[in-house]
Amino acid sequence: MANDSGGPGGPSPSERDRQYCELCGKMENLLRCSRCRSSFYCCKEHQRQDWKKHKLVCQGSEGALGHGVGPHQHSGPAPPAAVPPPRAGAREPRKAAARRDNASGDAAKGKVKAKPPADPAAAASPCRAAAGGQGSAVAAEAEPGKEEPPARSSLFQEKANLYPPSNTPGDALSPGGGLRPNGQTKPLPALKLALEYIVPCMNKHGICVVDDFLGKETGQQIGDEVRALHDTGKFTDGQLVSQKSDSSKDIRGDKITWIEGKEPGCETIGLLMSSMDDLIRHCNGKLGSYKINGRTKAMVACYPGNGTGYVRHVDNPNGDGRCVTCIYYLNKDWDAKVSGGILRIFPEGKAQFADIEPKFDRLLFFWSDRRNPHEVQPAYATRYAITVWYFDADERARAKVKYLTGEKGVRVELNKPSDSVGKDVF
């Protein structure tokens, strides 16, 4: 087993953007398959779990897990590696990458920042649209791109429920809520917001931000419900695809719980989910080539404010069906200069990144696949967010077939009881 060596002439930024764990999507402290030298893993356990799938495309594979992985560094090509014996010989680094870029002053505004030494003049080309109060909606400058979801085996589960009841199509999303165009007092209908802002922003940039989504009162009620869940001990450690590998807490430091929206004390969270569904329903058929026919339950997440975050990763690296990530933030008076906690998105193939501050009543959409690697930078104050993932019908169906035929690296679980983590909504 040969390790990748450092040196000049290393991979380009676009090549680095395509290097991630084939199983969980993690993008740091990678190990390279020493046989084909084109696939990467964050640990040997994930390599073993992915072998049944990977051996079909691994050059020189012999039908068994006979190849190993070596530590990957981004700064140079490695010499050709000899085919290792069936027993892997390289030790996995036990220290997971926890490095984050420090949040700068302007990084808290939801605008694009250039990665040094990119030209700052090329960084900002915001897409603005209706929002409530004095707020505005900003989409980052990025090609159609694609979390926070956890790469979590129990996230997906077959269900056949209808979308939750929601407001009349075209109506405002909440009685006293936002979605008002700048300078206007009349709420912007969900249909107009979806078709005139979200659809074009997503198709052009792959990232879309809507501020003052539901209004101060509704946002406060959602925050109260989330804090009540936290105070009553409903949150547990965020999970990875596999808990067999070490340092999972170094990879993600959040506490989470899963909500359907019908639980006692979660009625306003249910309203939020219905409002998200309204927007997606209006967008459906117009977001790329996706046909959205379901979603997960809501993942309510809390970073406790002790400097934890979530390292750079991809929500859906393996075609599990998730196509759109939708995140709602609950953090009043958030100051990223003091509290950090920025969601930084690295759109594939772009010299810029997008910094999204987790501001109160802010809604964020982005593609869930490999086009949008992202990280949550260390948070030094309690940071709350609610995330829902929407499924593409065709990719979801293919993922289920892969699971049923033994390609379990897709991590789709079927036929779970109704109180399990994930849920399809049709």
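Just so it is clear, glycine is given a Cβ too, placed from its N, Cα and C backbone atoms.
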- Query: Swiss-Prot annotation phosphoserine: which of Ser125, Ser174 has it?
  - Reply: Ser125
- From His282, His374, the one annotated by Swiss-Prot with His313, Asp315 for Fe cation: His374
- Annotated as S-nitrosocysteine in Swiss-Prot, from the list Cys36, Cys326, is Cys326
- Message: Can you tell me which of these residues Swiss-Prot lists as S-nitrosocysteine: Cys127, Cys323?
- Response: Cys323
- Message: With respect to Swiss-Prot, which of the residues Cys24, Cys201 bears the note S-nitrosocysteine?
- Response: Cys201
- Item | Secondary structure of Cys201 (S-nitrosocysteine) (DSSP, helix/strand/coil) | helix
- Using DSSP reduced to three states, classify Cys326 (S-nitrosocysteine) as helix, strand or coil. strand
- Note on the structure: For Cys326 (S-nitrosocysteine), the spatially nearest of the binding-site residues Cys21, Cys33, Cys36, Cys42, using Cα atoms, is Cys21
- Query: Looking only at Cys24, Cys302, Cys326, the recorded positions on record, which one has the least crowded Cβ, with the fewest other Cβ atoms within 10 Å?
  - Reply: Cys302
- Item | Secondary structure at Cys208 (S-nitrosocysteine), reduced by DSSP to three states | strand
- Cys208 (S-nitrosocysteine) and Cys302 (S-nitrosocysteine), distance between Cα atoms, whole Å: 22
